[in-house]
Amino acid sequence: MGSRISRRRRMSSQEESDRDQANSNSRPSGTATGTGTNAEGSSSRPAAGSASGNTSSSSRRILQRSSDGGWVSVSLERTSDEEPELDLTTILRFLIQSGQVRVVRSRELGLSGLFGDDSGDEDDDDDFVPAARDPQCNTASYTNCCHDIEPDTNGLDKHDLKGEILTASGRRPTAQRPQKNSSFIDMLNKREIGMLKHLHFTSGDRSEMSTGFIPNCMERVASYHHKAFCGQFSQSGDVFITACQDQNIRIYDTTGNRFRQLKGVAARDVGWSVVDTAFSPDGNFVIYSSWSEFVHMVNVYGAQETHVALDLCPMDRRFCVFSLKFSEDNKEILCGANDRCAYVYDRERGERTLRVEAHEDDVNCIAFADCSSYILYSGGDDGLVKVWDRRTLSESYPKPIGVLAGHSDGITHIDSKGDGRYLISNSKDQTIKLWDIRRFSSDDAQEQTRRAVANQSWDYRWQGVPRRSQRKQQLLGDSSLMTYRGHCVLHTLIRAYFSPLFTTGQRYIITGCATGSFIVYDILTGKKVAKHKQHKSCVRDVAWHPYDNVIMTSSWDGKVGRWYYKRSEPDLVETSVSGDEGNTDTTSNTETHPQRTSGLRDRLRSALGSRSSHE
């Protein structure tokens, strides 16, 4: 057996890794570790005597150091009433083959120098940097090495997306930008005296003004005794949902400045944890998934609970939906699962209407491209993002209309910009990529991605990040528009999203991080404009309110945080509202405080205007 084994591919699905991670964190480190149960949860202990003889007595001889420093041969006798001796080689083989023991490199466990020449190769690509470990995160060396100081913007500089984002976020081309940047107070004064083209702020004005007010201070609004996996707003932003490993779903009223629990739902048929949730477009229903062949749907409002199980009829016995979405017309549910397939469930017919083998490995994420529900996106552990057209898709001929290749490891999440053209993908290769579906990848580029993924020899669920993932490199044929580096993807399927259109013009990308932070990137520059940390463990999910200047973080430390903007300078100091792309990489370590800076939030709300009157 070599010094390493390849990661456990297809032995268990992605979210089951959380069970292995929780167990491994509670054990002392060693070169071989066991989970105690196998993938099916059954006992992993081999039968006594299965690897030994049945004689009534036996003996063996060992060398033992004597008092004078020499060695003597000692006979060990075993009587008939003693338990028969087990063959350790057979036991170890059994544990490795059943997936309950993993073999790791010595450097991962801090044992460099104990195993011969292995310790001398300091530049080995398979070396690991420290992983983010529960309950305390320790990835300082990773984030320092992986931060992309000078992102490559060549793909976006001449692309029409740049002009779209500049216009939507209230910025102008450099040649047209005024020499003096407008301040928040200046823009308010111009509106009052009628110097603006409209009687109210445009969407571009709102986006430009919100630039200086990215949330930076957290108050804890919920605390659980188990890991929080999901946290999302409804489309209106009036309801927030969380899913926790304690098998409970909690629904909160977030209208105004409230955060009040509306109801709690005991999830059904849960294996390990609820792994994904989604609101219906009208906000009246929530669907959730777990290790089950059913997707469950429950009502949000009403005293009488409606809890319905939707059968996807999978062919595999061990089945989990990792990602699910409602269609915009509320009639269908799209799912991606661990059996490499994508599913469509028709709510009106009450049955599964489509099952296609979408990827060569687990399908970790799916999305609708726009409100038409014709174009679908999927991302899997094969490192590829695929684009599908429902009008030409069939189970007998599951051929995508295009493939996007460029990642060197599995995809953890995808998010559509909502215009049927652009999307982002988060990956275990520690990058986020921006794609234009009009620029598909060639067959050679797809093969490059397959090779890169096949050559991965680490498991992101419990190991640190290989040093090669820190290097700024691009696969041949990478068709992405932009690559964003500086966050950490470990332990679980961490999510990344476009920022809201109403308040930011979708000028940012926000992502969770295994270091307990959330990170905001500027889409056009690729630089981090914000990084704030208050959690002690992985932030798996983030949600930016669609209309208010609020960000929610859901973490494996069991905490749900609500982030708001708090001015660090006195309230009398003006904040400049600039179209320039900043690069502020700061970590908020201030204590949480439930009180906002006096009057600031109300003034910002008033300036941005009511969404009901300006939508």
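Any Cβ shown, glycine's included, is placed from N, Cα and C.
Annotated features, as they stand in TrEMBL:
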- 1-70: region 'Disordered' (REGION)
- 29-67: compositional bias 'Low complexity' (COMPBIAS)
- 112-134: region 'Disordered' (REGION)
- 118-128: compositional bias 'Acidic residues' (COMPBIAS)
- 356-398: repeat 'WD' (REPEAT)
- 404-438: repeat 'WD' (REPEAT)
- 532-563: repeat 'WD' (REPEAT)
- 574-615: region 'Disordered' (REGION)
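Per-residue pLDDT, averaged across the repeat 'WD' (532-563), gives 96.
Long-range neighbours of the repeat 'WD' (356-398) within the same chain, counting only residues 6 or more positions beyond its ends whose Cβ lies under 8 Å from a Cβ of the stretch, are 9-10, 13-14, 322-325, 327-329, 332, 334-338, 340-342, 344, 404-405, 407-416, 418-421, 423, 425, 427, 429, 435, 437, 440, 446, 449-450, 452-453, 493. Helix, strand and coil counts under DSSP for the repeat 'WD' (356-398) come to 3 helix, 19 strand, 21 coil. Helix first, then strand, then coil: DSSP counts for the repeat 'WD' (404-438) stand at 0 helix, 19 strand, 16 coil. Under DSSP, the residues of the repeat 'WD' (532-563) split into helix, strand and coil as follows: 0 helix, 18 strand, 14 coil.
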